[in-house]
């Protein structure tokens, strides 16, 4: 299939790129340019949770709780009761309300009507609370309308104005994510281009992966914009898609370009080089994207709209990257041919280097010589790094996700410290169907709950039999205990109570995620195991890959817990350590599993190919690692550079994902792929290739096509790594001739014209294979 597509791509090499590029550009103009206005800040909650139902009851009965939308915090060292300060603050806030009647719903201001609850104990701080009219995304738009005037407020003397509140924090998070994407597109692409230029030594070859990356991002963001017309898409998904899609697209392009140049070096003409590249690297890219997509599709098991939107967007980015790599690049290769090395400065020295002299050959060879020590040592190290993950804690998104030096974060911190009873994210108890006596009973029980900054009290007069009790948490991270205590309140018959508010939503979101996480993990493992079995023609290699992935992800989570929860290096990296937002854990697990599988596919596919071409197990391991080691390292470096652009983010959850990817990629491309994988495969020897007949038949039905070998290896009991795989061609064996011809399906059929004893046939076949493999390697050097 892939071989035929390679020839088709060559035949229509001028049409395919024009059609694909035209479609993507039209999509970008019609849909992609409108993405920003269609994204949402919402989607973090579980829509089926009690807290969500309670929020609906509250909004339907009393309207949206907008008391904490915007906080105007005034600080005056000489006291806010100074007459000039009071007058200036009141005049400017009143003028703001008059200027924006369509945006401002109400203002509760100390400066218009002094209230002891709105002034600090030392008298140096007071505030005005502004409620906005809009719902959902309109709230953010309303804030942005009045924000310039808010920021322009000036007071006499040393008095200053700071802007805090839930909507102000949401706006700061939104701006931070927009800056992340701009940084990645500018800084990240520049450094990626430099790495590609260093790897390929030529401008044309280096430009190919960049073309894939740019087209993939434009296309996937356009698809995300289309999706946003039909369902809620969280703004955070745009950053994740840019991070993941750009890195993977360039990686796929890197593998395709490298293989095409390699086939040209072997002496193939352009048409055949395109076909073989598509058959080998193209097939691997296809399956790699399929496995990454499967891993990301596990996010669809969770109820949060945030995770669903990230899943849809990221899957579209990965699929587009693969489609462009397998469709557009072969066509471009066909047009360029050997000219892909135009403006190249390092081709001669690169071709002259023997494979055995490369570090990518010597390192796995050393690991295999010390296989047992390597397996024990590396496994112990990974488990040790995993240990801190046992202390991971979960929370929700709030101002602490902004850097300590960010002005909105500083304003919110000061407000929370000066006015703890007015935190903008209180826990609530919604009571319905209660008589006065029953309501008193519920309130008395609720007031015995520990962990609150002040007793629960009604936030609105009872209306339509519904009462809302509200109070802030004493400890922002103590929501679980408070929610559990409120859930345990005994209610009279006919009375319904719901625990609501941001703390309750966070707790229920964590519970839903942890409940479904094992099922997501099981789904990812089984699905990718099956796909790798079809790709490798083995059950042992996929099992090994899953174990390696688990070890790598565990170590990465341990590292992330030590840094972001325990706070190791938090001052240097400019963030506040604290509980991890639970949806981000699920997201990072899916991303890391997909990326780990991605590199495993590229590495082991080359080993399987070497095995088919006559190499022993040990030679296949070294050959596969030597051929892909440099490319995998370059691919990891590219992903690390893209992730590093996001690691500079002001948003903690983007730092978490970026640093997780950086650590995982560095670990995966070095310790795991260069040391642990070769050592384990060396110890497994012939067992690496074991598979039942149905797996081999399914594998063979895929067909490798021409030029790469034929059937899946099937171990044969022999003294030194013998196997019965045969290459296409005609070989003399004693007086017999073994004629091996690839059929149209890609499966080799072997015809014996004279019967030869099986042991003798295998012995002579192995001798011939070893000789051919050695000659082939010498020619390639």
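For all residues, glycine too, the Cβ spot is worked out from N, Cα and C.
Panel annotation: around the transmembrane segment (12-31), residues 215, 218-219, 221-223, 225-226, 324, 327-328, 330-332, 334-335 of the same chain, lying at least six beyond its termini, place a Cβ under 8 Å from a Cβ of the stretch. According to TrEMBL, the transmembrane segment annotation covers 12-31 (among others).
If you average pLDDT over the domain 'Membrane transport protein MMPL' (46-363) in this model, you get 87. According to TrEMBL, the domain 'Membrane transport protein MMPL' annotation covers 46-363 (among others).
Sequence-distant contacts of the transmembrane segment (187-215), counting only residues of its own chain at least 6 positions beyond either end whose CB sits under 8 Å from a CB of the stretch, comprise 20-21, 24, 245-246, 249-254, 256-258, 261, 320-321, 324-325, 328-329, 332, 336, 339-347, 350, 630-631, 634, 637-638, 641-642, 644-645. Sequence annotations record features per position, and here TrEMBL assigns transmembrane segment to 187-215 (among others).
Here TrEMBL flags 235-257 (among others) as transmembrane segment.
Annotation source TrEMBL lists transmembrane segment at 285-306 (among others).
Same-chain neighbours of the transmembrane segment (312-337): 2, 5-6, 9-10, 12-17, 20-21, 204, 208, 211-213, 215-217, 219-221, 223-224, 227, 233, 237-238, 240-241, 244-245, 248-249, 252-253, 255-257, 260, 264, 270-271, 273-274, 277-278, 282, 285-286, 288-290, 292-293, 296-297, 591, 594, counting only residues six or more beyond its ends whose CB sits under 8 Å from a CB of the stretch. Taken from TrEMBL, the feature transmembrane segment covers 312-337 (among others).
What TrEMBL lists as transmembrane segment is 375-397 (among others). Same-chain neighbours of the transmembrane segment (375-397): 44, 173, 476-477, 479, 502-503, 505-506, 509-510, 551-552, 554-555, 557-562, 565-566, 578-582, 585, 653, 667, 671-672, 675-676, 679-680, 683, counting only residues six or more beyond its ends whose CB sits under 8 Å from a CB of the stretch.
Among the features that TrEMBL reports, domain 'Membrane transport protein MMPL' is placed at 480-693 (among others).
Outside the transmembrane segment (520-541), and at least 6 residues removed from its termini, the chain residues within Cβ reach (under 8 Å) are 283-284, 287, 290-291, 294-295, 298-299, 301-302, 586, 589-590, 593, 597, 600-601, 604-605, 608, 684, 687-692, 695-696, 698-700, 702, 712-713. As annotated by TrEMBL, transmembrane segment applies to 520-541 (among others).
Here TrEMBL flags 546-565 (among others) as transmembrane segment.
Long-range Cβ contacts of the transmembrane segment (585-605) within its own chain (Cβ-Cβ under 8 Å, at least 6 residues beyond either end) map to 240, 244, 248, 251, 255, 280, 283-284, 287-288, 291-296, 298-299, 302, 307, 310-311, 314, 318, 392, 394, 513, 517, 520-521, 524, 528, 532, 535-536, 541, 545, 548-549, 552-553, 556-557, 560, 624-625, 628, 631-632, 635-636, 639, 656-657, 660-661, 664-665, 668-669, 672-673, 677. Residues or ranges marked as transmembrane segment by TrEMBL: 585-605 (among others).
The transmembrane segment annotation in TrEMBL covers 626-647 (among others).
Outside the transmembrane segment (653-676), and at least 6 residues removed from its termini, the chain residues within Cβ reach (under 8 Å) are 176-177, 180, 236, 239-240, 243, 360, 363-364, 367, 374-375, 378-379, 381-382, 397, 401, 548, 551-553, 555-557, 559-560, 563-564, 573, 575, 580-581, 584, 587-588, 591-592, 595-596, 599-600, 603, 625, 629, 632-633, 635-636, 639-640, 643-647. Under the heading transmembrane segment, TrEMBL lists 653-676 (among others).
Proximity of distant same-chain residues to the transmembrane segment (546-565), defined by a Cβ-Cβ separation under 8 Å and at least 6 residues beyond the stretch ends, is recorded for 379, 382-383, 385-389, 391-393, 525, 528-529, 573, 575, 577-580, 585, 588-589, 592-593, 596-597, 600, 652, 655-656, 659-660, 663-664, 667-668, 672, 676-677, 680.
Remote same-chain residues near the transmembrane segment (235-257) are listed as 35, 39-41, 174, 177, 180-181, 184-185, 188-189, 192, 196, 199-200, 205, 208-213, 215-217, 220-221, 224, 277, 281-282, 284-285, 288-289, 292, 306, 309-310, 313-314, 316-318, 320-322, 324-326, 329-330, 333, 340, 587, 591, 595, 598, 602, 631, 634-635, 638-639, 642-643, 646, 653-654, 657-658, 661 (criterion: CB distance under 8 Å, separation of at least six residues from the stretch ends).
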